[in-house]
Amino acid sequence: MPRIANLIFAGVVCLIASMLLVAVWQSGTRANTHAAPEETPQVAQLPSEATTTHPVIIRKPSGPPRIELAGMDPQGRTGSVACSTCHAVRKPNLENVSAATLDEFHQGMTFNHGKIACYACHNPDDSDALRLADGKSVAYENVMTLCSQCHSKQAESFAHGAHGGMNGHWDLSRGPQMKNNCIDCHDPHAPSYPKMVVGFKPKDRFNAPLDDHQDHEGAESHDDH
Amino acid sequence: MTTTKNPSRPSLPIVENFTRRAAVKGAFATLGAGAFVAAISPLRQAAKNTTAAEFMQQHYTELSPEQKADVIARLEAETKEKYGADVTIADDRPIPGTKFVYAINLSVCNGNGKCVEACHKENNHDRDTNQSYIRVIEMPKGTMDMEKGSTTYTGTVPKDDKFYLPVQCQQCDEPPCVDVCPVKATWKEEDGIVVVDYNWCIGCRYCEAACPYHARRFNWKKPEVPAEEVNPDQSYLSNRIRPVGVVEKCTYCLHRTRRGKLPACLEACPTGARVFGNILDKDSNIRWILENKRVYILKEELGTKPAFFYYFD
Amino acid sequence: MSSITAPPDITEPGDNESHITSYPKFIGRSLWLATEGSLAFYAWMTMLTALFLVGANAWANQVAGGMVGTNMTDQVSWGLYIANFTFMVGLAAGGVMMVIPAYLYHDRKMHDVVIIGELLAIAAIVMCLMFVVADLGRPDRFWHMMPVIGKFNWPISMLTWDVIVLNGYLVLNLHICGYLLYMRFLGRKPNPTWYIPFVMLSIVWAISIHTVTAFLYCGLGGRPFWNTALLAPRFLASAFVSGPAFIIVSMVLIKRLTGVGGLDHPIATLTKIIRVTILINLLMVASELFTEFYTGGSHVSAAKYLFFGLHGKTALVPWTWTAIALNISAALLFLWPGLLGFRWRPLLVTACVMAFVGAWIEKGMGLIVPGFIPSTLHEIVEYVPSQLEWKVTVGIWAFGLMVFTIAIKTALPTLKHPAEH
Ligand code: SF4
Ligand code: SF4
């Protein structure tokens with residue numbers, strides 16, 4: 001019977017060979033799919049050629065902060081005042097670098113933004129605006145210009161969508177994109193991103209044992225059979 | 001044994017009492033058949049939920065435009081009937097010249113899970129199980145070994161010694177899940193998205209075993225979504241409410257992204273860790289990231305070539 | 001689903017009767033014969049029917065209510081069904097251990113009873129197909145898997161290969177058994193050209209079914225526990241333990257219950273085969289474990305979970321150690337030469353049962369399930385089959401045993417009076 005044994009052995013070899021062929025063919029098709037994107041660079045330019053009709057809208061702060069008045073005036077009116085209302089008559093303390101030394105109105109505020117002084121960012125000459133490192137005044141609306149002086153890496157990432165949240169469209173030919181600005185997420189006086197609490201978790205059956213699936217037959221069966 | 005040997009054909013015994021025994025046997029056979037029908041009667045319930053049209057429906061890629069329209073009309077009516085919700089099911093096709101790629105900045109991600117929730121709502125997942133396509137792993141700093149991670153963390157995040165790794169379908173360029181499917185119910189489209197035809201999948205779950213990223217979910221039961229919570233903006237290949245017994249997966253929200261919008265998980269991310277775009281567009285955000293950040297992919301050694309990148313900065 | 005498809009009518013018409021009339025007669029007579037028996041036989045069949053009905057009912061409930069009735073999860077997405085499927089493929093392939101001595105080594109005595117192995121293959125494949133269907137989320141869409149009318153992802157998907165080889169093996173064995181029994185019915189001598197080539201093919205095929213089934217798992221890169229080249233040889237080795245073990249037990253029973261003679265020599269041959277294969281299997285398991293544990297790293301976590309538990313989760317540990325204890329003690333028993341003595345028949349049966357159960361655990365709960373634990377994201381989700389899964393499984397086993405019993409009864413005349421060829 002050795003001949004038949006040989007035949008059978010040959011059969012097994014053929015089977016394995018045919019499966020190997022499939023494996024090779026398979027990797028061939030894979031290589032093809034991989035190559036496909038590289039073959040279509042012309043198509044690739046389509047989106048950039050298309051006129052970007054829609055803007056990237058970066059949200060801006062509405063303007064310099066206003067201080068809400070605590071009480072009402074004798075006429076019963078509430079209202080708010082600008083920073084300059086008080087600061088016009090006060091001499092700026094250019095040296096101050098900490099919240100601890102603040103008294104009166106700013107007392108008790110949190111400040112945790114490196115070793116910079118208040119007037120590194122606030123403008124001593126115009127308390128309703130900010131100032132850049134070179135002394136140029138910059139409006140509150142453009143606070144991002146100010147932040148970017150130090151945080152250029154983040155600013156660069158932001159410019160390329162790699163920092164900061166966004167909404168809307170990835171494809172500007174179809175719709176606009178809305179982006180946050182720095183102070184939407186970072187409090188400029190304590191800029192580290194706040195802690196959060198996890199609110200939503202998938203409820204796996206193993207996470208919520210037994211009581212969660214009493215409604216079907218599997219429930220009683222957790223003992224070994 | 002009531003058989004005797006017939007000398008002419010030794011192998012085939014002749015039986016006595018043929019008719020009586022035949023009657024008894026017939027009775028038992030009938031009884032057995034009756035009991036069997038009774039035993040499988042719950043199937044009638046299941047059959048009611050499957051219309052003939054659904055049973056006969058062809059594979060997505062073989063439907064003519066008219067058939068597709070019929071199928072979609074039927075699905076919309078079924079959603080109205082079963083879930084009480086008015087929905088529009090579109091058939092979003094890939095935009096020519098796009099290949100979608102996702103990236104996550106792990107230095108920024110704080111594991112708050114808003115993306116998980118957004119996915120849950122956007123994609124009409126079962127409310128009971130809080131199902132979602134995204135899973136976030138809390139990992140100790142200083143390792144990339146998922147074995148040291150945990151998906152069940154809760155409480156205040158981020159913890160000081162941890163980083164957070166959200167995982168969803170990586171839309172692999174060489175998807176093992178597609179290779180193994182015996183009926184071609186799942187495939188990769190031109191814009192890179194791996195989709196499932198929920199009306200073709202037979203629910204063998206081979207793809208679930210093959211996916212190295214735990215990206216696939218099986219509908220162990222009929223998904224329950226209250227009518228007012230159903231997201232009416234649906235697509236055939238993505239977030240329409242899935243039938244029971246089939247596999248589903250993240251589609252990069254193709255019902256949004258193929259209309260130019262950002263995926264729901266990205267919009268929901270409060271930290272801005274997520275970046276999405278068309279890698280074939282030289283000026284896209286995603287392209288900039290791949291060119292300027294040191295990105296890595298999960299389980300590179302498996303050769304799945306994910307279209308999903310992670311980076312720290 | 002087990003409808004005995006008629007083997008192709010390939011012989012020349014008989015001298016006095018055409019096959020058109022004699023074939024139905026043959027089927028009718030076989031069925032009649034198969035349902036004849038003692039009270040014990042009826043009790044046995046009634047019990048199997050009852051169990052099968054319980055299983056059918058559980059399965060119908062599973063289809064109606066969704067697979068939430070099983071304890072499978074997205075993490076452990078295959079469970080008891082696929083474990084049994086894998087094992088049954090092995091059992092089907094194991095039958096070939098009778099065919100090889102009978103046809104390749106011309107073992108005359110084995111040749112007389114080789115049909116037992118072939119009938120076992122039929123019953124086992126029928127069970128395999130039932131287990132696959134039980135595992136489907138949408139059995140109503142089964143037709144999607146059929147070539148031509150569905151969409152068959154061949155040759156890329158290993159599952160399509162499996163569908164082909166399993167059905168092919170079923171048809172082969174149905175043909176071989178059907179032909180031999182039919183010839184017997186006609187009182188003719190079987191013509192070797194009509195079945196010997198098929199028998200030879202079935203030997204290759206038997207190896208292929210289990211190889212392809214192993215490829216189902218070992219081709220998945222994302223599952224390190226399965227992703228080993230040793231898986232297919234291991235499957236074969238354990239199949240050549242469980243198959244012969246089952247056959248030995250059935251032969252001892254057949255001898256007891258029906259007085260068929262000439263079974264002692266085949267029993268001895270099969271025992272000698274198990275003596276070798278059980279050691280080969282243990283050797284392969286040991287080398288697998290050595291590689292896992294000595295190398296360490298993340299690949300070892302599934303093995304660690306299996307043997308010692310991981311992070312306090314230990315659901316599989318008792319299973320594993322039971323399997324190891326069974327396998328090792330069975331191996332020791334088989335090594336003892338005295339086991340073949342007539343006095344020790346009960347011990348032989350015990351050893352076979354131990355080897356059988358050991359292989360069942362090793363391939364099912366010990367191989368399919370730990371492939372999913374820890375999951376690909378390294379979550380540890382345990383799996384213990386639900387009651388519904390047990391019911392369906394028992395139902396399918398009952399059905400398989402029913403098929404096997406009926407098949408053996410049909411073949412009894414052949415077994416009792418082996419034709420001289
Ligand atoms: S991540 Fe998983 S499901 Fe997604 S394409 Fe890759 S293998 Fe498929
Ligand atoms: S579960 Fe569905 S999509 Fe996944 S492999 Fe099976 S048929 Fe294909």
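Yeah, the Cβs are placed from backbone N, Cα and C, and that goes for glycine too.
Summarising the annotation, TrEMBL assigns transmembrane segment to C:39-60, C:80-106, C:113-134, C:154-182, C:194-215, C:235-254, C:274-296, C:316-336, C:348-373, C:393-412.
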Counting only pairs at least 6 apart in sequence, do the transmembrane segment (C:80-106) and the transmembrane segment (C:316-336) share 3+ Cβ pairs under 8 Å?
no
Segment-segment contact (the transmembrane segment (C:235-254); the transmembrane segment (C:113-134)) at 3 or more Cβ pairs under 8 Å
yes
Best-packed against the transmembrane segment (C:113-134), counting Cβ pairs under 8 Å over C:194-215, C:316-336, C:348-373, is stretch C:194-215
Could you give the residue numbers and ranges of same-chain residues that sit at least 6 residues beyond the transmembrane segment (C:274-296) on either side and whose C-beta is under 8 angstroms from one of its C-beta atoms?
97, 228, 230, 233-234, 237-238, 240-241, 244-245, 248, 303, 327-328, 330-331, 334-335, 352, 355, 359, 362
